[in-house]
Amino acid sequence: MADSSPQLAKLRSLMKERKVHVYVIPSEDSHSSEYIAACDARREFMSGFTGSAGCAIVTLEAAALATDGRYFNQAAKQLDGNWTLLKQGLQDVPTWQEWAASQSAGGKTVAVDPSLLPGSAAKKLNDQVRKAGGADLVPLDENIVDIAWGDSRPERPCQSVSVLPDELAGKPVTTKIEELRQELAKKNCPGFFVSMLDEVAWLFNLRGNDIPYNPVFFSYATITPETAILYVDESKLDESCRAHLRENNVQVKPYDSFFPDARQLHTEVKAKRQAGGDGVVVGNFLISNKASWAMSRALGGDGSVEEMRSPVGDAKAVKNETEMNGMRACHVRDGAALIEFFAWLEDQLADKKIMIDEVQAADKLEELRSKHQHFVGLSFPTISSTGANAAIIHYGPEKGSCATIDPGRVYLCDSGAQYRDGTTDTTRTLHFGKPSDAEKKAYTLVLKGLIGLDTAVFPKGTTGFALDCLARQHLWKNGLDYRHGTGHGVGSYLNVHEGPIGIGTRVQYTEVPLAPGNVLSNEPGYYEDGNFGIRIENIMMVREVQTEHCFGDKSYLGFEHVTMVPYCQSLIERDMLTADEKAWLNAYNDEVLKNTKGFFQGDDLTMAWLTRETRPIE
C-alpha cells in the first residue's frame, strides 16, 4: 500500500488555483475504454487502486473511491488512510455521483475532464450537483491529474496496426460501412462519430496493440453519407494498411485532427440549416451514448447531437458465420492448452511435490498457449489464485510477492487469450488434494447454475437480464450469491469484455435482446472471504433452436458452448446432481475428449489427466 499523500497534495494545489472544490477522476480514457494504456491510468496514479472499474473523487478535504463488488477486497487492501471506499451496490452506500454531489453543497464547484465522462453521465452528475446546492458541473479541458503526474507520466503508445483479412473478419469493410450508412439514412443524419476503440477496429477490419490485452489502437472515425474518415497517428500504418484503407475508400487523417474537424463540421451543418432550401440536412449528428462529453460539446451539444446505443457496437456483437467458426476453433486450441497446463500443474504439485507460485503457473499457461496457431497474446491478466486469494474476484498475483499454490486448497484460474480467429475467456476451479464438504457443495451449486443457463431455451426477444436467475437459482436456494454479473459479451479477436449484451442485473442488460450470433460468458461463482473462491466459466454462442411448438409464432433461442475444458471431478458432489445434469456433464466430457485428444499424441501425462477428468459421472 503506497502513500497517496504526495499526489493528493499536488492535485489539491491545482484545484485551489482553478477554484475547484471537487474533482472527479473516472477510470476510463477518452474512448470510454475499460482496459486502458498506462498513460491513462489516472485513477490508479492518484489512489493506488489498480482494478479495472471505479471512480475517484477528490475534494479539498477528503477523497473517495467507488467500485463494484468484484473489487471490494482488492480496494480495501490497496487504498491507504486518505481514502473512503464506497462499495457500490450495497444498501445505504451512496453512488459516486451522490457522494460527489453531497460535497458540493453551498455552491461549491465540481469539475471533470470532459473527455473522460460520457455526455449522458455528465448531465446526470450535473443534475445531482445542482439538486445538492452546488454550482454547474465544470468541464475542465486541461487534465489536472496529468499536470500533477508530470514527467513521470508514461508516453502514449504508438504501436503498429495490422489488417485483419476478410477470411478471418468474415465481412468486408465496404459492407460494414454501407450497413451503417443505411442506419444513418433512416434518421436523415449528417454523420456518425465512432469513439470506442474496438468499434473503430471492427469497422475497418484493423487490429492494433496500443492497450495491453486489447488488439485496438488510438483512433476515431467519422462516417457521413459520402465519406469515411479514420483519425489515427499515421506512423502506425504500413503500406498494407494504407492500401487496405484506400481500397475501401477510407480517408486517413491525424488523430489530433478529430476534434477540430468535428467543430468545423458542426459549423458547416449549422450554416446549411440556417440557409434553408432544398437538400438541407435536418437530422442531428449521432454519437454513442458512451461517447465523451467533449465530443458532444465539439458537435454542438444539445440540439445538434443525438446520443444512442452505437449501431456499430450492435452490429459487432452479432458475429457472422466466419467469426463463429473462428470462436469454435480457437476455443478448441485454447482448451488443449488449458488441459495440458492443468495436467502439468497437478503433476508438479501433487506428484513431484514441487513448489509453484501463482505467477509461475500463469507464466507456464501463457507459454503453452503461445504454441498454438494464431496466438497473439493474452486477453487479460491471468487470475491465478490459491486458497483465500481465490475469494478476491479479480485477484492479480504479483511476481515476488504472490502465494505459493497450496495443493491442499482450492485453485482458481481465470484466463484467456487473443487469437487472430477469436478471443477466449475460461475459468476453472480445481483441487489437487482432498476438498472439504463445504468446497464440494459450493462448487456443485455453481456447476448446477452453469448447466441451468447453458441448457436454457427462451423466446426471441429475451434479454440477458431475464436469464440471470438461472445461474443463481441453486445458490439462492441455499441463501448464497455472488457479487458480479453472470455473463459479458466477448469480442472476436477484440476486447474480452464487449457490449451491449450481457447476463446480469445491470440496467443495460434489459435494453438489448439476445440474438443469434451473440457470444457471451457463463460464469457463476461463490466466494467465502478469507477462505476460498469458486468460479466456473464457459463461453457460449446464441443460436436458434427447434422446439416442438411455436407459441405466438416466435422463434426460440438457446446456447452453444464453445469452451472445451473438463470440470474438476474431485469437487463434484454427485448426489446433488439430477439425472439430466449428469447426462449433460457426460455429454460435455465426451465433447471435450473428442475435440482435444488429438493434441496429445505421445503426451501420456496430459492424456491420462484428460481421460480421468472426462470419465463418466455415474
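The backbone N, Cα and C atoms fix where each Cβ goes, and this holds for glycine too.
Within ASP414, ASP529, the residue that Swiss-Prot lists together with ASP425, GLU537 for binding Mn(2+) 2 is ASP414. Mn(2+) 1 is bound by ASP425, GLU537 in Swiss-Prot, and the record lists one more residue there from GLU398, GLU511, GLU523, GLU560, which is GLU523. When the Cα atoms are compared, GLU523 (Mn(2+) 1 binding site) and GLU537 (Mn(2+) 2 binding site) turn out to be 4 Å apart.
When other Cβ atoms within 10 Å of the Cβ of ASP414 (Mn(2+) 2 binding site) are tallied across all protein chains shown, the result is 25. Taking each Cβ in turn and tallying the other Cβ atoms within 10 Å, the top scorer among the binding-site residues ASP425, GLU523 is GLU523. The residues near the Mn(2+) 2 site, meaning same-chain residues not in ASP414, ASP425, GLU537 whose C-beta sits within 8 angstroms of the mean position of the site's C-beta atoms, are ILE383, SER415, GLY416, THR426, THR427, SER521, GLU523, ARG535, in sequence order. DSSP classifies ASP425 (Mn(2+) 2 binding site) as coil under the three-state reduction. Counting only residues at least six positions away in the same chain, the Cβ atoms of ASP414, ASP425, THR426, THR427, ARG428, SER521, ASN522, GLU523, THR563 sit under 8 Å from the Cβ of GLU537 (Mn(2+) 2 binding site).
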